[in-house]
Amino acid sequence: MEPLMALAIGLLYATAIYMMLRRSIVKLVIGLMLLSNAANLLIFTSAGMTRGAPPLIPEGALAPAGQVADPLPQALVLTAIVIAFGVLAFAVVLIRRAYEIVKADDLDKMKDTDT
Amino acid sequence: MQLAVLSGFVLAAFAPLLQRWCAARTSLVLALYPAALALWLLTQLPAVMGGEVLVFSLEWVPSLGMSLTFVLDGLSMLFALLITVIGTFVLIYAGGYLKGHPDLVRFHVVIVAFMVSMLGLVLADGLMTLFVFWELTSITSYLLIGFNHTDLEARKSARQGLFVTVGGGLALMAGLVMLAIAGDSWSLQELLSSGDVLRDHALYLPMLLCLLGGAFTKSAQFPFHFWLPNAMAAPTPVSAYLHSATMVKAGIYLLARLHPGLGGTEAWIGILSVVGALTMFTGAFLALRHTNIKKLLAYSTIMALGTLTMLLGIGTEGALIAFVTFLLAHSLYKGALFMIAGILDHETGTKDVTAMGGLRRLMPVTALVACIAALSLAGVPPLFGFIGKELMFESVLEAGSFRAIIFLLSFSAAIFTIAVAAIVVLRPFFGERRETPKAAHEAPSAMLAGPVGLAILSLLFGLVPVLAGTGLLTAAASAVAGESLSVSLSLWHGINLPLIMSLISLALGYLLFRHWDRVRGNLSRLDPLFAHGPEAGYENLMDGIVRISEWQTRVLQNGYMRNYIMVMVVVLIALVGNSLLLRHAPAFAISFDVQFHEAVVTGLMVAGALFACISRSRLGAVASVGIMGFCIALTFILFSAPDLGITQLLVETLTVILLILVLFRLPRFASLSTPLERVRDLVVAGSMGVLIMLLILTVVASNQFVPVSGYMIENSVPLAHGRNIVNVILVDYRALDTLGEIFVLALAAIGVIAMLKLRAPKPEAKGAGKGQGAKESADG
C-alpha cells in the first residue's frame, strides 16, 4: 500500500504547492488546506501502514493482543489535524478581512499596508 | 583572584549608586579598586620575579574541559600592573576632566568594565576565556569611543573601531580554535609548553594568519591603523587609557603570549618584522601631517605599536628584552602625554598645537611634566625611553632577515618621532605667548596626579634602570621567550652604533621640527593620495556590504508572497534532493499489496485534489477539497487509526461549513498568471511532489529505528489506566503538548472573533481619507 500512498501524497504536495504559488488569494487558502492534509498523510504513511490493528487494548488485558499500529505518529497527526484547522480558520478570516479593506483579490496588490 | 578581578563588573554595575552616595568623589572611590589590585599584584611580585608562575584555577565547564583559570607570570604581571596603575591614575584624572559632565556615571560604568575585561584578557589561561575578554574590550571600547553619542563623528569612529576590531576578533576565534585542535588543549600554558608541536602542525600557517588578523586589527597595525586616530573622538581619559596603554596593546600581548609556541618560524619573522616596521614608519610619518595634539599622539602610538610588533618579529634575545623595555617605557610616557593633551584641551579650549604657545609660565607643572614625558618619547637620556630606544636600535642591527628595510624604516621613524615629541611639547609651552579660546591656567591637582606620577616613574626607571630591569622585566622577557633570560639595563652602553644613531636622529629630528610648517605644507599636496588609503578601502567595503544587502533584500525579500514560497520550496528540493539522491543510495521496496477498495479511496482522494486545482468555481473547489478530506478520513480508518478518522471527519465537516460561510464574501477566482508562469509553477510543484514521493519510498524501505512507542504501549494500562493508547499519549504522555494545542486553538478563536466583530470602514469614510480609515479600523 505504501507505494500507492507515496504517489498520492506526492500528487497532493504538487497540487498544494501549485495552488500556493497562485496570485489569487482564495487559491492560496485551498493550497493551504491541501498542504496540511498532505503533510498529515506524510507522517502517517512514513511510520508504516497496518491494516485492521488499531492501538487499542481490549477490556481485561494489560497489553494489546498481537502487533498493533504505532500509536505515536497517530497522536502527532491528531494534534496536527486540529492545529491545521485552527490555522485555516484564522487564515480564512484574515484573508476575508484583508479583502474587505484592500478590495484586491491579487496577492501582488497587497504589498502596501497603507491602503 | 578570579573573584577579585570579576568583582570589578559588580563594582561597575553599582557605580551609579556610588555616584549618588559620593557625588563628586566617585572617581576617587572607584580608583581605590585598581589601586588595591595593584597593591595585591605588588605583593605577588617577588614570587613572579623569582620565576614562579602563579595559577588560580576555577572549574567552569568541566565537561568541555574549560576552566576559568588565571595565570600570573612575568608577562601577565607587567600588563596587569600597567592596567591597574595607569587605570588608577586615569580614574583620578577623569574625575577632574569630566567634572560635572551629565554622563559621568555612564563613563564610570564602562571604564571600570573595560578595566576588568582587560585584566581578564591578560590573565586568562583558557583560550575561550581569553576570547570572551578580548571581545568585551572591543565592546566596552566601542561604548567609550562613542561616549559623546550626540556627535555624528564620534558615533562613526566608534562604529569603525568596533567593526575593525570585532572583524579581527572573528579571525582570532578561528585561529584559537585551530590552535586548540593543533595542540589538543584549550589551556595556553599547556599549548605553549608543547615545544614544536604547533610549529610543525599542518595548520600552522592558516592558524598564524588568523591569529595575526586578530592581533593586527586590535593593535592597529598597517593596513588596519586607520581606526586608532579616529578613535580620538573619545574623551581624553579614554584615549590615555585605551589607546595608549591598554586596549591597543591587547594584540601585542597576544603576540607576545604566543611567541613561545608559534614564534621563530620564517613566516612569523617575515610577517611581524616587515608589518611592524611598516606600521612604525606609517605612524610616525602620518603624524607630521596633523596639528591636532591628540592625532599627533595617536599616530605616534601607532609607531610604538609597530615597533613592538617588529621587535617580536625579530625575536632574538636582545629584541625581546627591548620589547618589554619599550613596552613599559611607552605606556608610561604615552599615558602621561595624553593626559597632558587633555589638560591643554581642557584649559585652553583648543587641541591645535599651532594655536598654542608660551604656556609654560601659566602652567609650570604641566610644562615640566610634558617635557619629561616628551623627552622619554624622543628617547633622550636619562629617561627610560632612551633605554628602550637604544635596545630597539641594537635589535634592529642584529635582525636576521630584511635587515636593510627594517633599519631604514625604523631609523626614519625615529627621526619623525623626535620631531613629533618636539612639536607636542615645544609648540604649546615655549615660544611666544598666543591667545587661546579659554584663558589658560594650571590644571587642578586631580588632573595633574596622573601625568606627574607617570613622569616620575619614567625618570626613576631611567636613572635607576635596576628598579625595573632586574626583576619585573626579566620575568616578562622570560615569559615571552619561553626560557629564562637575564636582563640588565643600563643608561650608558658606551659609544657604539646605537648611540651614534640616536644622536644623528636627534639632530635630524630637531631639524625636521624647525621646518615642520613647511614640511606640513608640502605633505598636504599628497592629500589626494591618502584618499585612496586603507581607510577608503574600509569605506568602500562598508558601502559594498550595504549595496549587497540592498540587492539581496530587493531580490529575496521583495514582498511577493509567491516568491518567498518559491525560494523556500526550491531550496528544500535542492537540499533534500541532493542528500536523498546523491548521498543516500536510493533503495525502494515497491510492493503492490493493494486491495480494490483502498485503490478506489486513494484515487478519489487524488481526483478531489486535482479537481480543486482546475475548478473555475469556488464552490466546486471547496466541495472537491471536502471529498479529498473525507477520503483521507476513510484511509485513516482503513489503516488502524480510528481516532484520526473521527477527528478528520469532524474537522473536514467544520472546514467545509466555514468555507461555505465565508466563501461568498471572498473574491471570485481570477486568472492572473501568464501561461509561462504556470508552466514554471507546475515544474516547481511537480518536482516537490516527486521529491516527497521518493522520500516516503526511501523512508518506508529503510526502517532503521525501533519505534519509541513500545514503552507507551506497555504502560498504557498499568500506569495511565487507559485502553485507547493514542488518547493516553495525548492526555498523559504528551499532556503539555496538548495543553499547548488548546492554547493555539483558543488564540485562533480569539483572533477569528476579533476579526469578524470588527467592522470594515464604510465606503464614504474611505472617500475622505482612505489610509486613515483603514488604520482606525485596524486600531479599533
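Every residue gets a Cβ built from N, Cα and C, even glycine.
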Given ranges B:268-289, B:708-729, the stretch to which TrEMBL attaches the annotation transmembrane segment: B:268-289
Residue counts (helix, strand, coil, in that order) that DSSP gives for the domain 'NADH-Ubiquinone oxidoreductase (complex I) chain 5 N-terminal' (B:63-107): 30 helix, 5 strand, 10 coil
Stretch with greatest number of CB pairs under 8 Å, the domain 'NADH:quinone oxidoreductase/Mrp antiporter transmembrane' (B:124-410) reference, B:63-107, B:604-668, B:677-765 candidates: B:63-107
Chain residues outside the transmembrane segment (B:495-513) and at least six past its termini with a C-beta under 8 angstroms from it: 288, 378-380, 386, 389-390, 393-394, 397, 411, 414-419, 421-423, 426, 519
Mean of pLDDT values spanning the domain 'MrpA C-terminal/MbhE' (B:677-765): 85
For the transmembrane segment (B:594-614), distant same-chain residues with Cβ under 8 A (at least six beyond the ends): 620-622, 624-629, 631-632, 634-635, 638
